[in-house]
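S.K.: Pulled the feature table from Swiss-Prot, pasting it below:
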TOPO_DOM  1-11  topological domain 'Cytoplasmic'
TRANSMEM  12-29  transmembrane segment
TOPO_DOM  30-398  topological domain 'Lumenal'
CARBOHYD  77  N-linked glycosylation site
CARBOHYD  133  N-linked glycosylation site
CARBOHYD  180  N-linked glycosylation site
CARBOHYD  288  N-linked glycosylation site
CARBOHYD  330  N-linked glycosylation site
CARBOHYD  360  N-linked glycosylation site
C-alpha cells in the first residue's frame with residue numbers, strides 16, 4: 001500500500017514539473033512561436049492535388065487560370081482533356097459530352113485525364129466520364145456588370161442580340177428590342193452568361209426558390225468558386241487548397257483588353273445590367289460572400305495579406321525577368337506569332353513579347369507564362385497526340 005502511494009506521489013511531482021517546464025518555455029518562446037506559425041501553416045499537409053476540373057466561365061479572367069493549369073500539367077507531365085480534332089473548346093455552347101474530348105470514343109475504353117479547363121457548358125454526368133472520382137472542381141465568377149460589358153465588346157459581331165445595337169447602354173435601355181430567345185444558343189453571351197456556363201437556363205425567371213436550389217447545386221459540386229475582382233486572393237486560396245507551390249499560381253494577365261477598348265456604364269446602366277442579368281447577379285453575390293468567408297476560415301487576414309504580398313512580389317520579379325519593356329503590348333508589336341493573342345469583335349487584346357537574350361531554361365519558363373490560350377491548347381494537343389494532325393490556328397497567318 002505504501003509502495004503504491006509513493007508511486008502516485010512520484011507521478012504527481014513529475015506531471016507538475018512537466019507542466020511548469022512547458023509553461024516557462026511558452027512564456028519565453030511565445031513571440032517566436034507566433035512568428036513561426038505562418039510558416040508552419042504554409043507547409044503542405046500532403047502531396048499536391050493533380051486531378052483538377054476548372055469550369056472556364058467567359059470573360060472572367062479565366063484564360064489566365066487556364067494558363068496556370070496548362071503550365072502545371074506540362075511541368076508535371078499530366079494529361080489534359082483537350083478538345084477533339086480542330087475544335088478549340090469542348091463543344092460549347094452545347095452541353096458538354098465526353099466525346100468532345102480527344103481520345104474518348106463512344107463505346108470505347110474508358111479514358112481519364114488529370115486536368116480539364118477548356119471552355120465547356122457544364123454537364124456533370126458527362127464530365128465524370130473523363131475525370132477521376134477524386135477530382136477537385138472549381139470555377140471563377142466576375143461582377144456581371146463588367147462581365148456583360150466585356151462580352152458585348154468581345155462578341156459584338158457574333159451575338160445576334162448585340163449585332164445591330166450601337167452600345168451596351170442602348171441595349172440595356174431596351175433589351176427586349178434586340179434579344180430574342182428563339183435565335184439560339186449564341187445569344188447566351190448576352191444574358192446570364194455565367195449561369196449558362198454552369199449548365200443552367202439563362203432565360204429562367206429569377207424566382208427565389210429556383211435560384212436557391214441552383215446555388216445549392218453549385219455548392220455541392222464545386223469545392224471552390226473564385227472571384228475575378230480579387231484574383232490574387234483567389235490564387236492564394238487555390239494554392240492553399242491544391243497544396244501547390246507559389247510559382248505554380250504566379251501569372252501574368254492574359255486575354256487582357258487595352259484601356260481604349262473598355263467602356264464604362266452609367267450608374268443607371270449598371271443597375272439595368274444587374275436586373276437584366278439577375279441570375280448572374282444573385283450567383284455573384286452569393287459566391288462573393290462565401291469566398292471571403294472561406295478566406296477567413298482557411299487563412300485569416302494576416303496570413304492572407306502576407307501571402308498576397310509574396311505572390312505579387314514574385315509576379316513583379318518574373319515580369320521584370322520575362323517581359324520585354326515590362327508591360328503587355330498590342331497585336332502589331334508582337335512579332336512572335338506563337339505569342340500573338342486572338343482578336344475578337346471590337347476588343348483590342350494585349351499580349352506579351354519576351355525579353356531578348358534569355359537563356360534556354362528561362363525562355364521555356366517565360367514562354368509558358370505568356371502563351372495565349374489557343375496556341376497553348378494546340379501545343380499540348382500535339383504533345384499528347386503526336387499521331388494526330390496538329391490543330392490549325394488560322395489567325396496566326398494573318
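Using N, Cα and C of the backbone, Cβ positions are placed for all residues, glycine too.
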S.K.: According to DSSP, does residue 180 (N-linked glycosylation site) fall in a helix, a strand, or coil?
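M.R.: Looking at the DSSP assignment, residue 180 (N-linked glycosylation site) belongs to neither helix nor strand, so coil.
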S.K.: Taking the Cβ of residue 360 (N-linked glycosylation site) as reference, which residues of that chain separated by at least 6 in sequence fall under 8 Å from it?
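M.R.: Expected: none.
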S.K.: According to DSSP, which kind of secondary structure is residue 360 (N-linked glycosylation site) found in, if we only use helix, strand and coil?
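M.R.: It is helical.
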S.K.: Judged by the number of other CB atoms within 10 angstroms, which among 77, 180, 288, 330 is the least packed of the glycosylation sites?
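M.R.: Taking 77, 180, 288, 330 as the glycosylation sites, the minimal 10 Å Cβ count falls on 77.
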S.K.: Give the three-state DSSP assignment (helix, strand or coil) for residue 288 (N-linked glycosylation site).
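M.R.: Looking at the DSSP assignment, residue 288 (N-linked glycosylation site) belongs to a helix.
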S.K.: So if I measure Cβ to Cβ from residue 133 (N-linked glycosylation site) and keep only same-chain residues at least 6 apart in sequence, which ones fall under 8 Å?
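M.R.: Within the chain, residue 133 (N-linked glycosylation site) has no Cβ neighbours under 8 Å at 6 or more residues' separation.
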S.K.: Can you give me the Cα-Cα distance between residue 330 (N-linked glycosylation site) and residue 288 (N-linked glycosylation site) in Å, rounded to a whole number?
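M.R.: Cα of residue 330 (N-linked glycosylation site) to Cα of residue 288 (N-linked glycosylation site) measures 32 Å after rounding.
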S.K.: Between residue 288 (N-linked glycosylation site) and residue 180 (N-linked glycosylation site), how many Å separate their Cα atoms?
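M.R.: Here the two Cα atoms lie 30 Å apart.
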S.K.: Note the mean pLDDT of the topological domain 'Lumenal' (30-398), expressed as a whole number.
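M.R.: On average, pLDDT over the topological domain 'Lumenal' (30-398) sits at 94.
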S.K.: Could you state the CA-to-CA distance between residue 180 (N-linked glycosylation site) and residue 77 (N-linked glycosylation site) to the nearest Å?
M.R.: 46
S.K.: Would you identify the secondary structure of residue 133 (N-linked glycosylation site) according to DSSP, in three states?
M.R.: coil
